[in-house]
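Working notes, structure below.
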Amino acid sequence: MDSRLRKPLWSRPSKTGAGMGYLLFVTLIQAFSFSLIGVYLAGHVDSYFAVLIRVVLAGLVFIPLTRWRQVEPRFMRGMLLIGALQFGVTYVCLYLSFRVLTVPEVLLFTILTPLHVTLIEDALNRRFNPWALLAALVAVLGAGVIRYDGLDGDFLGGFLLLQVANFTYAAGQVLYKHLVARHPSDLPHYRRFGYFYLGALAVVLPAFLMFGNPQHLPEAAPQWIVLLFLGLCSTALGMYWWNKGACSVNGGTLAVMNNLHVPLGLLVNLLIWNQHEDFTRLLIGGGVIVASVWISRLGVRRVPANVPGTR
């Protein structure tokens, strides 16, 4: 091939770079979202109602853009399942766990998500990638350095609930990545993403009707503003961009990115809301998580990827 027709490597668009950009941007949104929930909603607004509003607002954004006749039925069913798992079941289990666990215990147990991502990814690929597993374990270690505050009481039930939540949240990301690869389409991602929120609604609406408390609805304007932000930014754009980014990175990188919100969220909480955090632990844990990203990238050069549509 004529060398004049070849573009330099650095001038070619990188799907991985774009995917990392989506994941990093959503991580920043998540970092602010956790503090907004803790300051304005927790203990004031019914949790199930808050989740329901988030799904409804996100659905109002994507469902009008959704194509209904040019999408394969198998893809539709897959998206309904992913929405039910990644958002619906995840958040129901998360809020139920708060009934039996303290906040430090919840935060500690949710850092195991990268392990679920790695194991599900390898299971679907019918392989074992030791570098991805190592990266996920390092990411868990980094988040544990930041959030470990000691455990007390009988927390087995809450631990199991959160492992279900971790599994379903991880499964949604990985399944979306594989679903898009197996059902390619000329339609852009957003034209087929509305089914995700319909699947989430199928779980969240019954959960609110069964467990919600209509006596604790938003009363102040700031609470409604926060719900609008969470629905339109965190749930609509956030879930869409996160899953889109997941399609362009390897399983190890996706696993460790699931814990990057821990140091960023604590940093936002410290700088904006002046909440007390151990800054030394924050720096050490954040550095460990950054190192885990490097380990996951190292694994790409040593373990060939065999998932269509992710190269």
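Cβ atoms are placed via backbone N, Cα and C, with glycine included.
Across the domain 'EamA' (19-146), mean pLDDT in this model comes to 85. Here TrEMBL flags 19-146 (among others) as domain 'EamA'.
Residues or ranges marked as domain 'EamA' by TrEMBL: 158-295 (among others).
Per TrEMBL, transmembrane segment is recorded for 21-42 (among others).
TrEMBL lists 48-66 (among others) with the feature transmembrane segment. Under 8 Å from some Cβ of the transmembrane segment (48-66) lie the Cβ atoms of residues 37, 41, 87-88, 91-92, 95, 190-198, 200-201, 204-205, 207-208, 211-214, 216-218, 227-228, 230-232, 234-237, 239-240, all in the same chain and six or more residues away from its ends.
Sequence-distant contacts of the transmembrane segment (78-100) (same chain, six or more residues past either end, CB-CB distance under 8 Å): 47-48, 51, 55, 106, 109-110, 154-155, 157-158, 161-162, 164-165, 168-169, 171-173, 175-176, 179, 183, 192-193, 195-204, 207, 211, 235, 239, 243. Annotation source TrEMBL lists transmembrane segment at 78-100 (among others).
Residues or ranges marked as transmembrane segment by TrEMBL: 106-124 (among others).
Annotation comment: TrEMBL describes 131-149 (among others) as transmembrane segment. Counting same-chain residues at least six beyond the ends of the transmembrane segment (131-149), those with a Cβ under 8 angstroms from any Cβ of the stretch are 104, 107-108, 111-112, 114-115, 117-119, 121-122, 250-253, 255-256, 258-259, 262-263, 266, 281-282, 284-289, 291-293, 295-296, 298-299, 302-303.
According to TrEMBL, the feature transmembrane segment maps to 155-172 (among others).
Marked as transmembrane segment by TrEMBL: 193-212 (among others).
According to TrEMBL, the feature transmembrane segment maps to 224-242 (among others).
The transmembrane segment annotation in TrEMBL covers 254-273 (among others). Counting same-chain residues at least six beyond the ends of the transmembrane segment (254-273), those with a Cβ under 8 angstroms from any Cβ of the stretch are 20, 23-24, 27-28, 30-32, 34-35, 38-39, 107, 111, 113-115, 117-118, 121, 132, 135-136, 138-140, 142-143, 146-147, 169-170, 173-174, 177, 246, 279, 282, 285-286, 289, 292-293, 295-296.
Positions annotated as transmembrane segment by TrEMBL: 279-296 (among others). Using a Cβ-Cβ cut-off under 8 Å and counting only residues 6 or more beyond its ends in the same chain, the transmembrane segment (279-296) has close neighbours at 131-132, 134-136, 138-139, 141-147, 250, 252-253, 255-257, 259-260, 262-264, 266-267, 270.
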Listed stretch, out of 21-42, 106-124, 193-212, that has the most CB pairs under 8 angstroms to the transmembrane segment (224-242): 21-42
Structural state census, the domain 'EamA' (19-146) (DSSP three-state): 105 helix, 0 strand, 23 coil
The domain 'EamA' (158-295): DSSP-derived helix, strand, coil residue counts: 109 helix, 0 strand, 29 coil
